[in-house]
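Below is one structure, written out as structure tokens, with a few remarks after it.
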Amino acid sequence: MTSTDQGSWARSEGDSWDIVSSVGYTALGVSAQRAVESERPDALIDDPFAKHFVLAAGEPHLIETITKRDAPQASPFEYLRGMGMRSRFFDEFFLEAAASGITQAVILAAGLDARAHRLAWPAGVTVYELDQPQVLAFKDGVYAQQGAEPTCDRRTVAVDLRDDWPAALKEAGFDAGRPTAWSAEGLLPYLPAAAQELLFERMVELSAPGSRAAIEGPTGTLGMSQFAKVEQKYRSEKDTFGKIDITELFYDEEKTPPVEWFSVRGWSTQGLDMFDLAERYGVRHPEVPEDIRELAGAMHYLTCTLPA
């Protein structure tokens, strides 16, 4: 597969990637973090596919991460068990939406998200996964190797979110007249400001009353450059991404915080930070350095609802 040499990962208009390059590699790193969390005795999630994605990709550092870890994870996000809490938050969002009667879910930039296979969806739910063609093809190949079957009506939509993804989504069977559960997890830092604005506009245009959205996004209290500075301070070769600096893939542009964007358009919003999630899930942290505390408080785990 493609080399993990970051020198070739500079972002550009219309860039693309497979699972071991650029933004695709971040999905693989996230899968490694989910695999590590799933093996904990007090695991917040159960993702049996995460380790298989990592092993199939064959990237040595990530394989070592999930098979030979003998030291605490070093980056701020890992230090706080951020991936376990984030994944649990989105798991609960989708299951609660489905339990309320919402029968279609859309996972934007799905990456190696395995919820269509690992969550206990009610009968009649359709889950749409949108991402780059090479990423979805890799994931489908691993599912085939494992003999895995989805627990819902899973439909993949191979499309770049900078293109006309609403048309591709509708072609796959999406019905804009029915309420939808949307997710934007680990996505927004990789979008320019204009692309984020367009993404939100399209979500709203496609949302019937009663729709919901779960979004991981900045509160606006910490700029992306400050965020990257703290990440770099604590990053080491022992954390999931090793020598790879994923913040170089971020767009450091002024963006409207999602909570503000959706609120002014009539959606009700509820935002939680990482420490709110820790309290909800009973995660205990050791003494947290002030800059890590500031970093954790700068990200919202947001639930937005369009009144019925």
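The count begins at 1 with the first shown residue.
Every residue, even glycine, has its Cβ placed from backbone N, Cα and C.
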Listed in Swiss-Prot for the S-adenosyl-L-methionine site shared with Asp160, Leu161, one of Asp91, Asp113, Asp131: Asp131
Cβ-based isolation winner (fewest other Cβ atoms within 10 Å) among the binding-site residues Asp131, Asp160: Asp160
Neighbours of Asp131, Asp160, Leu161 excl. site residues, C-beta within 8 Å of centre, S-adenosyl-L-methionine: Leu108, Ala109, Leu130, Gln132, Val159, Arg162, Asp163, Trp165
